[in-house]
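See below for the structure under consideration.
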Amino acid sequence: MLNLDFIYENRNMSESEAELCMINIIDAPDTVKAAFLTALYVKGITPDELSGFSRALRKLSSISINIDKLTDIVGTGGDHKNTINVSTAASILLSLRIKIAKHGNFGITGSHGSADFMKFIGYKFEMTEYDIIKNLNEKNYVYILAPVYNKTFAKFSNVRKKLGIKTVFNILGPLTNPLNPENLVIGAYDDETAETYASVMLKQNKRAFIVSSTMDEISPEAESHVYYVNNAIRKFDLDPLSITGKRINESNIIEKDPVKSFNIIIDAFKNKNRDAASFIALNAAPALVLNGISRDITSAYDLCINDIESGAAYERLRRISNED
């Protein structure tokens, strides 16, 4: 039964209350959904509530398989930078060494979302659970297109458009991968959101790097704020110069035209665009630390760059795009 007493009592929900509330509100009238989203917007969202909502949405997914040692790397979007889709590129690069379950969608806030790039390279989104397991076993990689495996977001789309405000759904995406990976690298559009994500990761017993900078990923030229979650939360600042040995001008990795942006990524994998390659490797590196492949981000970055320079990364891109 749907209970929205928290609205009238002006209080925060517990994690279990939030989970039950989300499950029950899915099929409520749009007027009720609007009241729910507006109340959260005015009140503010706590880590308990965000954790409960994300658990509910994962339960509502059409995927019911459990696979250990998966990693996702994802950004919130919303920085309006039109950078190349570095999290998607990094996920493909990382599949050379770890199992990746990339969760994403077509572009909403930017002109080119992760699914737009995957479609560009020829990836087939519709998969059975057997296909998902097969791809992970054979290629270390699967891309989970959010609307295909979870219809919940679509049920709120009309209300969100009419409200015209940032709702909890703007930040739920990175937390709702139906394969429930235990390791996550999340780029957040501001430090407050990054801190909230870190608290949620701790509550859900996950290992994570949460980053925020001038963009929703590790910046190649400015310091990034990092929350490292592994049984506790540790915050530190990351200077890209100390990792890459050079600063990359952000203008070299920003492109509004989707096709040109996608080709920057492909050139990076071919080792023809060193600035973009460095940017991708920088953002891939934390995932290798989470998985125990590297002891620190610098050595992880070196591994990622070597995988690009050796040609292995481009071969993996071709294999994932079903060209093999």
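Glycine too: its Cβ is placed from the backbone N, Cα and C atoms.
What Swiss-Prot lists as 5-phospho-alpha-D-ribose 1-diphosphate binding site is G75, 78-79, T83, 85-88, 102-110, S114, and the listing cites sequence analysis. Other Cβ atoms within 10 Å of the Cβ of H103 (5-phospho-alpha-D-ribose 1-diphosphate binding site), summed over all protein chains shown, number 25.
Swiss-Prot lists G75, N105 with the feature anthranilate 1 binding site. DSSP gives G75 (5-phospho-alpha-D-ribose 1-diphosphate binding site) a strand state. The number of other CB atoms found within 10 A of the CB of G75 (5-phospho-alpha-D-ribose 1-diphosphate binding site), across every protein chain shown, is 27.
Reduced to three states, the DSSP call for E217 (Mg(2+) 1 binding site) is coil. Annotated Mg(2+) 1 binding site per Swiss-Prot: S87, E217, in sequence order.
Summarising the annotation, Swiss-Prot assigns anthranilate 2 binding site to R160 and lists sequence analysis as the type of evidence. According to its DSSP assignment, R160 (anthranilate 2 binding site) is helical.
Other Cβ atoms within 10 Å of the Cβ of E217 (Mg(2+) 1 binding site), summed over all protein chains shown, number 30. Under the heading Mg(2+) 2 binding site, Swiss-Prot lists D216, E217.
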Lowest local Cβ density among T83, S87, N105, which the record lists as binding-site residues, within 10 Å: N105
Candidates G75, H103, N105, F106, R160, namely the binding-site residues, that fall within 10 Å of D216 (Mg(2+) 2 binding site) by Cα distance: G75
G75 (5-phospho-alpha-D-ribose 1-diphosphate binding site) and N105 (anthranilate 1 binding site), Cα-Cα, nearest whole angstrom: 11
